[in-house]
Every structure is written in structure tokens, then in C-alpha cells.
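Peer 1: Sharing the feature lines straight out of TrEMBL:
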type    : residues : note
DOMAIN  : 159-186  : domain 'C3H1-type'
ZN_FING : 159-186  : zinc finger
DOMAIN  : 232-305  : domain 'RRM'
REGION  : 400-421  : region 'Disordered'
Amino acid sequence: MATSLGANTYNRQNWEDADFPILCQTCLGENPYIRMSKEKYGKECKICARPFTVFRWCPGTRMRFKKTEVCQTCSKMKNVCQTCLLDLEYGLPIQVRDTGLDIKDDVPKSDVNKEYYTQNAEREIGNSDGTRPVGLLGKAPSSSEMLLKLARTTPYYKRNRPHICSFWVKGECKRGEECPYRHEKPTDPDDPLADQNIKDRYYGINDPVADKLLKRASTMPRLDTPEDKTITTLYVGGMGDTISDAELRNHFYQFGEIRTTTIVQRQQCAFIQFATRQAAELAAEKSFNKLIINGRRLTVKWGRSQAARGKEAYQDGVSEMGTRLDPVPGLPGALPPPPALEEDAPTNYFNLDPGTSPNVMNISLPPPPGINPPPPGFGAPMFHMGSMGPPPPMGMRPPGHIHYPSQDPQRMGAHAARHGD
């Protein structure tokens, strides 16, 4: 190839020589003191295939060594990190960023057209101040609602972890704790995230990470406006201890007149009450999933009316301040609601069969404690259930076999008397 590292070609002056790489905070690492090795014209850019200066460093303890993968010209054309190829402003893949900004930058892929396109981009970068992207990205709108929702505000250092040890997966790793690779079970090989291509990420096509983020954006929650028109209060959560009342007012006063601002330090939240409902709706629309103060992403929701808040607190056992009330020990539980009063309610208190006449219903009760049971042949006393009148005569009682004491077969002398007869 004409632009290869070993060839002595006419465009050798176009090879890149840089003093410091273009990196994101995640790839740079959390340690402010790192050592970098610099190799002039060490590798070919994986996009334009031109030799460039390669930087190599370790972002932290127990992390893998990282190096730059593309040249600075390709990085500036897309405004991405030279290592991870994620957007420097939002921390998102190029495909997600271009979708949110509604731009389509078709970078040529053939060698000749790609070299011509790169030279024009370098000329445009040289004429600019270097603080703004070039090309279609520089002409795109400054922000997007979807990008603000998906943007990563804090570095994700977990991405710098070492790769999984293939020998440990096969049970053949003999290094133990000295192994620089991770001893973990690999993910599913059929997972789309396991097959990523650096060129697909740069060109914004067939990127599995971007597809996952776009699906998440389509299912993100929305902030519904309450039907009660008297609600003009917004709830702001996740404030921490560093955000003051003045900082909240400096952000929300642009949407309309603010009536009161209440900060609850214990719950790390605040309540912003506007003078009009229109101002509250505008503030909710512009701040939902977008509000970042002092580097903290804040949660914005609609406040609730006093009646709704009191009803939910009574049902859920939560106070007006949002704290859950613990039950008091020793107190009985809540009583069930009384039944509805009906004049024609049934009076069957003993759950008796309604088809049985109460005049012939007899219940056998056990003897009281301390009293011996009756001798065999004598049943338990029969109590009549029904009307409170006198018991029926003997002839009306149900028939049964009657035993007298002299007919008891176990009575003393009964056997002898029987033989005497």
C-alpha cells in the first residue's frame, strides 16, 4: 500500500506526530499520575491506514494496558476518543449520537476517496480553532433530548478491566493470583455484545452497543402531567449535600416566577413551587432527565396534592415527609370493616341447615369438666334447640332403645342371675 509504514512515499509528510493523545476520562483512568510510552509512527490507523504516533499506558491498578487505535485526524473528524471511539461529549457510540442529532456523515471507505476526504478534513481542522467539531457534526444542533437522557455523566472505569483468561476457562491456568487476566466465567457467546468491530463503531453501522442503547431510549419513562390543575410544585431528588437553594433558583427561574423553594436536607430533595401552572409545565418538560447541577444528575417529578399525598401515606404507612412509619409493638391490628346493615338479614347465628326444622334439632353436648361420663347405654343429655316453649312430650321424641340398670351385662351378679333364671 502506498501509505504503509515501511514505504518511502511522497506523502510521508502527512504522517501524524503528536505530543499527547485525545482520550476520554474513562480511558485515561482515575489516577492523575500515569506513565505513557510514546512510539512515533508506531502503528497504522485502523481507519485511514496512515502511520501515527501510538501512546500506551495503564489506566489503574489491576487494569489492562490500553493504547490509541486511530489517528488524531480521524478522531477529530468524529469527535471521538482515540481508544474507545466513543463520543467525547456524551460518552455514547457514534451511531447513537448521529441518530440523536439527525445527521448522516458518509465517510468514504475506498482507499483513494478516503485519502482525499482525510486531506480535506485536515485542511478544515487546520483552519478552525480546534474547539469545535468539523464537517456535518459541527453544523448539527448543540444538543438533543435523547442524548441528554442517555449521556454518561461519570466515568465508567469498569470498562478498563483485563480480558478473561482463556486458560482459566479451560482449567489450564497455572498463574493463580499472579495472572493479569480475569478469572471469571465468560458471557454467552451468542450475545451480540460479544462481537464488536472497531470499523463498524467508527462508521456507525451494525454496532451492537448502539442498538442496545437505542432500544433503551425507546422504552424510557415519560413525565406525565397531572390532571389536577392546581398542582404547580415540582419535586427535585438526588441533590446530595452540595446543592444550595440559590443554585436551584438559578436554574428554575428561567421558566417563570418561583413562589417558594423548600429543601429537605434529610431526604436530599427539594420542592419548587411556581406561581403559574404554565411555568411548572415548562420547567418539567425542560428539566426531566436533563437536570445536572454540580455534576449530579437530579430527578425531577411532579408534586402531589395534599389530599392525594395524605391518602397514599395512610394506605402505605408513609408520613408526609416520605419516611416509612414503623408499627407500634403491642397494639392490635386493624379491625375489619363492619358488615352492611340490612333489615332483612338472616338470623341463623348457629349456621344450621335451613331445611331442618328447629323443633326436631337436638345437639349432644359433652359433660362439663370434673364430671364422670354416663355409664354405657346412657347417652349425653339432649338439649332442645328451637323455640323457648316447653319440651315436647315423651311420645313426640325420636324412638330409641332404652336400657335399664338391671339390664347392664357388666353389672355385678348379672351373670349369676342370668344362669339362675
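Note: Cβ is positioned from N, Cα and C throughout, glycine not excepted.
Note that the coordinates shown come from a computational prediction; the quantities given were computed from them, not determined experimentally.
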Peer 1: So if I exclude everything within five residues of the ends of the domain 'C3H1-type' (159-186), which remaining residues of that chain have a CB under 8 angstroms from its CBs? That is, six or more out.
Peer 2: 26-27, 29, 59-60, 62-64, 66, 84
Peer 1: Pull the DSSP breakdown for the domain 'RRM' (232-305) and write it out as helix, strand, coil residue counts.
Peer 2: 22 helix, 26 strand, 26 coil
Peer 1: For the domain 'C3H1-type' (159-186), give the DSSP counts of helix residues, strand residues and coil residues.
Peer 2: 9 helix, 2 strand, 17 coil
